[in-house]
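Lifted from TrEMBL, the feature list:
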type	residues	note
REGION	1-92	region 'Disordered'
COMPBIAS	1-11	compositional bias 'Basic and acidic residues'
COMPBIAS	18-31	compositional bias 'Basic and acidic residues'
COMPBIAS	42-53	compositional bias 'Basic and acidic residues'
COMPBIAS	63-74	compositional bias 'Basic and acidic residues'
DOMAIN	98-170	domain 'RRM'
DOMAIN	172-253	domain 'RRM'
COILED	293-378	coiled coil
Amino acid sequence: MDGDQNNKVKVEAQQQHLEIHENRPNKRQRNEGPSNPQQRGGRADNRDRDRGGRPSNQRGGNMRKERDFVKERLANVSGPTTNLQTKEGEPKKFTGRCRLFVGNLPPNTTEEDFKKMFEPFGETAEVFLNNQKAFGFIKLDTRQNAEAAKAALDLTVKDGKSLRVRFATHGAALKVKNLTPWVSNELLEAAFSIFGEVERAVVIVDDRGRPVGEGIVEYSRKLAAQAALKRCTDGCFLLTSSPRPVLVEPLEQRDEEDGLQEKTFVKNSKQYQKERDIGPRLAEPGSFEYEYAMRWKKLYDLEKQKRENLEKEILEARQQLEDQMDYAFYEHETNMLREKLRHMEEQSNIIQREREMRREEERRREEQRRQEEMMIRQQQEELLRRRTAEEMRRIREDNLMLQYFHNQDSTMKQEVAIRQMHGGMSVAGQGLKNEMNDSISGGNMGAPIPF
């Protein structure tokens with residue numbers, strides 16, 4: 001009965017754990033609104049709602065709705081990704097790996113009593129208690145403290161109840177497959193941090209430290225893990241230059257430490273009683289058990305052989321795909337070089353045509369300049385000719401005026417001379433006339449002498 005009760009408690013705890021992970025972010029989303037960056041899988045937007053309470057993306061139209069924050073963050077890790085720095089400092093606290101499930105609690109356990117149970121092991125947070133189903137969840141600050149609390153409190157008796165303490169299922173953990181050998185923890189964390197805050201990113205290696213092509217990514221929020229799972233499933237997420245997309249799936253939680261204990265079985269089960277009726281033994285040859293045991297072994301061998309053949313076919317298919325990818329890569333590089341060469345030739349032709357156009361333009365401008373200079377020279381010559389003609393005309397006019405004035409002066413001089421001559425003759429004749437009159441008057445008693 002004790003084992004049956006433990007199984008029921010474990011199943012109910014897992015169901016309640018899933019309900020908690022699914023419901024709690026939704027409640028926080030309703031309380032905080034859509035501006036919570038972790039729930040959206042992107043960065044915060046301080047203007048998520050306008051004055052009327054309407055989401056701001058309705059104001060921005062389709063351009064606002066189609067904004068992809070993941071592609072915007074990819075620009076920061078687009079490469080090159082060589083020599084990534086390891087983050088130093090204290091490890092992250094209160095991660096999903098530090099969360100414990102406690103079952104078979106006394107029915108009168110309060111939240112305060114539940115916290116006091118874990119106070120000696122470090123700081124606590126995110127306490128959840130279900131008294132009706134006698135289980136609870138609690139998160140400690142570090143993994144070491146959580147392991148110490150689990151080791152110290154598991155199977156301890158409290159108020160007549162044997163406590164069952166184990167690590168809770170990490171609902172925001174993903175398993176990443178098909179990793180190339182050149183992916184490190186730092187690159188894995190940098191690549192998947194575009195979907196949300198990463199608590200831990202580890203590339204799994206074998207006992208010799210060689211990568212096995214798988215990794216684990218743990219987010220702080222379940223919505224970020226869901227966003228990463230959806231984007232990697234719907235699209236092709238590449239981490240290196242090789243076009244090998246990573247495969248992402250939810251991490252299958254396994255308990256490899258405590259295992260399956262005897263007390264978890266239902267002792268009154270008929271199947272349990274039947275299987276446990278006979279203990280371990282070696283089957284005797286020729287017996288009924290030996291015959292069917294050998295059939296089972298042949299089936300195991302056949303399954304192993306088929307798995308090996310399947311793995312061999314998969315390896316051959318992978319090698320063939322690698323060869324095709326290399327050939328396609330070289331062909332792509334060749335086509336790119338050809339396209340680049342063709343583009344360079346086109347650019348060279350364009351530059352050559354531009355040079356010829358510039359030269360033609362320069363020749364045209366030189367010819368135009370020469371024509372303008374010739375026109376200016378002709379205009380200057382025409383102006384000079386006009387000025388010369390004008391000067392000659394003025395000189396001729398001046399000469400004519402001088403000649404005219406000279407002629408006028410000569411004419412006036414002649415007239416003056418003539419007048420002077422006529423005036424002298426008249427004066428002399430008058431004097432002679434007077435003298436003759438005087439002489440006559442003296443002889444003839446003043447009688448005039450007629451002429």
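Cβ from N, Cα, C; glycine included.
TrEMBL: automatically predicted annotations, no manual curation.
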**Study point:** Local confidence of the domain 'RRM' (98-170) - pLDDT mean
**Key:** 90
Practice item. Give the residue counts of the domain 'RRM' (172-253) per reduced DSSP state, in the order helix, strand, coil. Key: 21 helix, 26 strand, 35 coil
Check your understanding: Could you give the number of helix, strand and coil residues in the domain 'RRM' (98-170) as assigned by DSSP?
Key -> 23 helix, 26 strand, 24 coil
